[in-house]
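Asker: One structure, as structure tokens, below. Some questions next.
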Amino acid sequence: PETGRLALYLLGLRATCPPPDPSPQRFLVTWLKYYLEKDWAGSQRHGHPLTSFYQYSLGVLALCVHRKRVREEVIQRLLVAERHRRFGHAGGSAVDTEAVAALAFACLEREQLGGARLAPELQAAVSRARVRLVEAQSEDGLIGNVFSTPLALQFFIATDTCRTQPAYGRAMAALLQHLDAFTSAAAMAQALPALHGRSYLGIASMQCQEELDTLTPLVPEPLPLGPDNVTVRLVVECPVPVCSQHLLYDHPVLAPAGASLLYLLRAAPPQGPQNFTFETQDTAQGPFLTSVLGLAAQHRHYWQLLSGLGTSLQMGVADYRPEDGETVILRLSKW
């Protein structure tokens with residue numbers, strides 16, 4: 001199900017002040033409701049959506065921003081997951097999901113779309129989320145990581161607690177120091193509302209005004225190989241039972257300075273073993289690595305991007321830019 005992609009599209013559509021005719025929006029909202037049901041039905045025996053709780057929360061948030069009533073059962077699924085702390089996965093952060101789900105709960109509470117019976121539960125979930133997001137703040141001020149921080153900031157803004165919450169000021173200061181990490185349009189769109197003191201919830205009540213269309217697309221030029229090249233050690237590991245051996249690939253790859261990891265993966269086959277292959281899937285957050293050396297990320301597995309020290313890169317293949325002499329590990333891991 002395209003739950004998350006359609007949810008982001010509907011949020012963007014509402015923010016661009018579409019024409020008065022509601023027919024196209026109504027059609028897309030109907031599709032989103034269908035996707036939410038399909039998303040859950042596909043994996044309901046496991047107690048989680050077929051996609052992820054992040055996408056599922058985005059779907060609920062988008063319906064709320066469009067002021068569409070959400071079925072009580074749909075809301076309850078999120079509330080149960082939040083109450084039992086099921087948003088996280090092994091070795092990963094749940095801050096981004098916590099923040100998006102909290103935004104959805106806050107919207108449902110504000111717009112009174114959850115019904116009187118769920119109102120106390122929504123209020124309690126918002127309070128718990130506030131505590132967890134504060135607890136997730138690291139010493140450098142970031143809440144989770146650099147990409148989940150804007151969502152946490154949006155939550156504090158949406159619930160009018162940014163002025164009374166010390167974590168907000170520290171997180172905003174940290175975000176301003178890491179703006180160079182936001183290189184994709186989707187990541188920028190996630191950070192810009194928080195930088196302007198706004199949240200996704202503000203879309204529901206925004207006043208539309210005509211604005212001049214001054215946006216022009218930016219097409220980056222390809223990076224040529226030249227004197228400023230970098231050599232990156234590319235390693236592929238598979239420590240899960242589906243693989244007969246742990247180390248599948250280990251070879252240096254030459255690339256232009258400033259090239260993305262995606263560029264590096266494309267440059268790997270001609271420079272190393274010819275059987276190196278990979279596949280990506282386009283998502284709202286950019287290309288997502290789905291397969292390496294013929295091993296697909298499925299059955300609750302995913303391709304984790306790590307540094308040579310084993311720490312998460314916290315960026316996607318199109319955003320991360322390795323430095324000379326660095327080691328990048330692609331590891332098939334379990335959620």
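Yeah, the Cβs are placed from backbone N, Cα and C, and that goes for glycine too.
Just so it is clear, the model here is predicted, and its values are computed rather than measured.
I grabbed these lines from TrEMBL:
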- T51, S52, F53, Y54, Q55, D96, N145, Q190, W303, Q304, L305, L313, W335: cyanocob(III)alamin binding site (BINDING)
- C64-C107: disulfide bond (DISULFID)
Asker: Same chain only, sequence gap of 6 or more: which residues have a CB within under 8 Å of the CB of Q55 (cyanocob(III)alamin binding site)?
Answerer: T3, G4, A7, D39, P49
Asker: Could you give the maximum C-alpha to C-alpha distance in Å for the residues T51, S52, F53, Y54, Q55, D96, N145, Q190, W303, Q304, L305, L313, W335 that bind cyanocob(III)alamin per the record?
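Answerer: For the residues that bind cyanocob(III)alamin, the greatest Cα distance is 24 Å.
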Asker: So how many other Cβ atoms are close to N145 (cyanocob(III)alamin binding site), meaning within 10 Å of its Cβ?
Answerer: 17
Asker: What's the CA-CA gap between T51 (cyanocob(III)alamin binding site) and C64 (disulfide bond) in angstrom, rounded?
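Answerer: Here the two Cα atoms are 20 Å apart.
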Asker: Given the binding-site residues W303, L305, W335, find the one whose Cα is closest in space to the Cα of C107 (disulfide bond).
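Answerer: So, spelling it out, the nearest of the binding-site residues is W335.
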Asker: Could you work out which of the binding-site residues (F53, W303, W335) has its C-beta surrounded by the smallest number of other C-beta atoms within 10 A?
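Answerer: It is W335 that, of the binding-site residues F53, W303, W335, has the fewest other Cβ atoms within 10 Å.
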Asker: Using all protein chains in view, find how many other C-beta atoms are within 10 Å of the C-beta of T51 (cyanocob(III)alamin binding site).
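Answerer: Cβ-Cβ neighbours of T51 (cyanocob(III)alamin binding site) within 10 Å number 21.
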Asker: Compile a sequence-ordered list of residues in the same chain as L305 (cyanocob(III)alamin binding site), six or more apart from it, whose Cβ lies below 8 A from its Cβ; state 'none' when nothing qualifies.
Answerer: L261, L289, S312, L313, M315, G316, V317, Y320, V328, I329, L330
Asker: Report, as a single number, how many Cβ atoms besides its own are within 10 Å of the Cβ of C64 (disulfide bond).
Answerer: 26
